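Visitor: This is the structure I want to talk about, given as structure tokens.
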């Protein structure tokens, strides 16, 4: 009898707890469990809304010509700037430069950090503190590139009559200091603001901020590109039925190939080589399903080689745009037009070669075979049939190089596809299938989804740990209550 009384008390407590659970049905819901994740998603959406609002603020002191939106999209320099800048060049916005100058500066800093300048190499290996120093240096180097791109934009648009100095077609500020000095400074400020927003997304939001900013700019432009493609194939085909249906068929083929290209990019992004590994003393496993492995992606470098190649090839084109406004017959302008323009086979080929080179270089940066081999030795891990140490390094280097060959060629084909199609069919390159923008969009989308999944799994793991800990405490209380 003495023992039963405490048991009744326990039953009352458990009944009380269970009744509480019924009264609070949202206690274990997704929203309450993942408050941090929901906050990050909402913060990212808010940041992107702010950027999209900024796109509609035109640079002060100019009037846009009616032909601006259509004609500016056909200029190669603006196509590259639009891809890397977040797509706001089409409105000559204060955010027109986007994060393009920062990307160009970061390429230079990364290249100089690879044992070229000892101080930068030391910073790159000194953890978070060194990374912050490199980031500050990148932002300083970004300033001249941003001003140069802004000047090139103004010179190019002015020479073609796409922007008119002054408000309401008044020529009050033409050739003045405001036009050639203050407007570039406004665009520089816009670029820094966009970079700050991108940094905030990285810290408080979801995904890599710079990638997300570029991604949203490209995605926003896709519906208008599809509309323009429909008009190119169907609306402008004339009133004759056979020509109309022929144009409609061409558009349907275009959409089908577009979807196939998206599917192929997704497959190539997810494809990986699984290298079986063993732990010293663990013994052999019975089936291949339970064998631990080292995953090496077919495209280890991701979208970075395409972005880097675009930034590199856009730099001489930027300088050329400024020189052309002053001296159209300059040798440098002619060289750029003949050998770096995507309207020529030379320009297309050089762009492809740059993508291949950057894929090989960045694959070695992303996956360091020496570091992996060293970590394997420390943890007692080895690849069956391969000796630890130098042999493992050599083996991994060979596999990474072979994967890079396939990955780099694939990236180059997809990135060059719109320019090749444009060259062969006269379809405007900004409307053609594939391209840098498509690769960036798919890669960023996949990475962001993976990060979301990772955060959800991490949060669920923490919740289970908390629940297990609480249950253990309750059990201890119950066992000692009498």
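Each residue, glycine too, has its Cβ placed from N, Cα and C.
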Visitor: Check each of the ranges 12-32, 222-242, 243-263 against Swiss-Prot and return the one annotated as transmembrane segment.
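Guide: Checking Swiss-Prot against the ranges 12-32, 222-242, 243-263, the transmembrane segment one is 243-263.
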Visitor: Which of these ranges is annotated transmembrane segment in Swiss-Prot: 384-404, 405-425?
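Guide: Among 384-404, 405-425, the range Swiss-Prot annotates as transmembrane segment is 405-425.
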Visitor: Counting Cβ pairs under 8 Å to the transmembrane segment (201-221), which of 41-61, 92-112, 137-157, 405-425 comes out on top?
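Guide: Maximum Cβ contact count belongs to 41-61.
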Visitor: Could you tell me what the rest of the chain brings near the transmembrane segment (303-323), counting residues at least six beyond its ends with Cβ under 8 Å?
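Guide: Sequence-remote neighbours of the transmembrane segment (303-323) are 76-77, 80-81, 83-84, 100, 103-104, 107, 145, 148-149, 151-153, 155-156, 211, 214, 330, 332-333, 336-337, 340-341, 347, 350-351, 354-359, 361-362, 408, 411, 415, 436, 439-440, 443-444.
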Visitor: Top stretch among 92-112, 137-157, 405-425 for CB pairs under 8 A with the transmembrane segment (342-362)?
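Guide: When the Cβ pairs under 8 Å are tallied, 405-425 comes out ahead.
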Visitor: Do any residues of this chain, six or more beyond the ends of the transmembrane segment (137-157), have a C-beta under 8 angstroms from a C-beta of it, and if so which?
Guide: 68, 72, 75, 77-78, 81, 89, 92, 96-97, 100-102, 104-106, 108-109, 120, 163, 179-180, 183-185, 187-188, 191-192, 195, 315, 318-319, 321-322, 324-325
